[in-house]
Amino acid sequence: ILPYILPFSSSCKAPERKSRSSKAEARSRAVAKEKTLECGQIVWGLAFSAWPVAEEGDTDPACTVGLPCLILATGLNDGQIKVWEVQTGHLLFSLLGHQDVVRDLSFAPNGSLILVSASRDKTLRVWDLSRDGRSVQGWRQVQVLSGHVQWVYCCSISPDCSMLCSAAGEKSALLWSMRSYTLIRRLEGHQSSVVSCDFSPDSALLVTASYDACVIMWDPYTGEQLRTLRHVPLHSALDDSSEVHTSSLRSVCFSPEGLYLATVADDRLLRIWALELRSPVAFAPMTNGLCCMYFPHGGFIATGTRDGHVQFWTAPRVLSSLKHLCRKALRTFLTTYQVLALPIPRKLKEFLTYRTF
């Protein structure tokens, strides 16, 4: 993997005051303005969502009437969640309820404006930011999910919006129903704290990453472990004179087409894994890595670091096979149990349920 340099700064720094002359120069050059949202607290979690078009007669529209806009939810150190209109930088509202750091945020992918927040107060909270969720007192808190005994680090909503996975400083991840907001099952198999999780684009797979240096691939419908990816040190890419801790995986994410995984670990490597192989297909040396995320249309990966930088990397591009596209289309609306009930050959069932690798 080679670094991919984009034509803008990727460092997250403290805001600096700009002189009027520099602002005028920027306007004269017609460059994009740099925006700074003053949150007033350490920002731990971020989540974007589209806001519906405002209609005539709305008493408190978030956006200009007739125009859609983008909102950003920020999880803060004091337990608040502040929601901003991105284009203008206007603070729309704050969500209050958490008693400690809001560590992660996840919007439902279906555009319903359901937001899930994960906090160090050991709870997850579900918020309804749609028009129906607005009351005189503020935005409606739909549910408080309790079950973790440690800080909650990560939450991920499945693309079909039926499930929620949460990871805390525990050896198990929790899988919740997004329809009834009840616990479906505990996913037990890791030997150390689970710190990251992500669903495949068709919701048929779930991956969890742990300090035990393993990524486990699960069938979220049955709770079955399908594969374990073990992070083995790659000494040739490291400085042998320094002490390397390979037992700390930090982040895992699926590629948009669902054929690759990216992982970041404390052994100073970004790894790319092909879904059907047990060893990485590409490496990139990086330091202080904490998180990774694929560009929505594939081809690039963004990684965040402790020293305040976001780095961009080229990633393997793939043309999905017709078989995989058909599987992805079917699994988007069929559960594992529904596939197993189909009157089709066993080998086809195994392929559709990802049991063939």
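Heads up, the Cβ atoms here are built off N, Cα and C, so glycines get one too.
Listed in TrEMBL for this protein:
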- 72-94: repeat 'WD' (REPEAT)
- 95-137: repeat 'WD' (REPEAT)
- 145-186: repeat 'WD' (REPEAT)
- 187-228: repeat 'WD' (REPEAT)
- 242-276: repeat 'WD' (REPEAT)
- 321-357: domain 'SOCS box' (DOMAIN)
Overall pLDDT of the repeat 'WD' (187-228), taken as the mean: 94
Tally of residues which DSSP labels helix, strand or coil - the repeat 'WD' (95-137): 3 helix, 21 strand, 19 coil
DSSP residue counts for the repeat 'WD' (187-228), split into helix, strand and coil: 0 helix, 24 strand, 18 coil
Residue distribution over DSSP helix, strand and coil in the repeat 'WD' (242-276): 0 helix, 18 strand, 17 coil
